[in-house]
Amino acid sequence: MPEDIKVRQRAFEIIKTRSFGRGDIKLASGKTSTFYFDMKPTMLSPEGAHVLSELILARLSGKGIDYIGGLEMGAVPLISTVSLLSHVRNEPLPGFFVRKDVKKHGTRKLIEGLPVDDLRGKRVVILEDVTTSGGSAMIAVSAAQAEGAEVVMVLSIVDRGEGAAVLYKDKNIEFDSLFKAEEFLAS
């Protein structure tokens, strides 16, 4: 299914209004920046969640993906809405998330949302809200691979263009993003 230009434009507008800002900020990578993306206001708005999920499913169409996953916290809203929309379309794409740290109580699982050993031999896409160096999503990649998954792609909403593409190329993992930071900086 091809990506809808109107849906992409609407997603851009929502991100620009709700999630893009300028000002000094420290990033998860440890770097400092004069602009930032806080994707939670977009991902947790009904329209934002919907248009992002539409774009993600369009990007994944025909790739034979078994699961979508990602690192808590940033990927969890995306995983939920993409999985829900896939069900509505009768093309179910289940999800999971990777904890940053194993809880000290309960099941003590690193990967949540699926039965034990269910990733073995499965084709997985790791979702990310914003990618800088790629290190955060790499935690989820490594956890999924440790469970026997074949991670075929990392897909980010916004790529800041600061090294993630090189990291994933070196790991032989396809990397893609719905938007580039420069699109927002130029607007």
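Even glycines carry a Cβ here, placed using N, Cα and C.
What TrEMBL says about this protein:
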- 61-170: domain 'Phosphoribosyltransferase' (DOMAIN)
- ARG99, LYS100, LYS103, HIS105, GLU128, ASP129, VAL130, THR131, THR132, SER133, GLY134, GLY135, SER136: 5-phospho-alpha-D-ribose 1-diphosphate binding site (BINDING)
- THR132, ARG160: orotate binding site (BINDING)
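Sequence features, as recorded in TrEMBL, placed on the structure.
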residue	record	DSSP (3 states)
ARG99	5-phospho-alpha-D-ribose 1-diphosphate binding site	coil
GLU128	5-phospho-alpha-D-ribose 1-diphosphate binding site	strand
GLY134	5-phospho-alpha-D-ribose 1-diphosphate binding site	coil
ARG160	orotate binding site	coil
Least surrounded, by Cβ count within 10 Å, of the binding-site residues ARG99, LYS103, ARG160 is LYS103
Students should find that the Cα atoms of ARG160 (orotate binding site) and ARG99 (5-phospho-alpha-D-ribose 1-diphosphate binding site) sit apart, in Å rounded to an integer, by 23
Should one count Cβ atoms within 10 Å of each candidate's Cβ, the binding-site residues GLU128, VAL130, THR132, SER136 would be headed by GLU128
Residues near GLY134 (5-phospho-alpha-D-ribose 1-diphosphate binding site) by Cβ (under 8 Å) yet at least 6 apart in sequence within the same chain, in sequence order, are VAL154, GLY163, ALA164, ALA165, LEU167, TYR168, PHE175
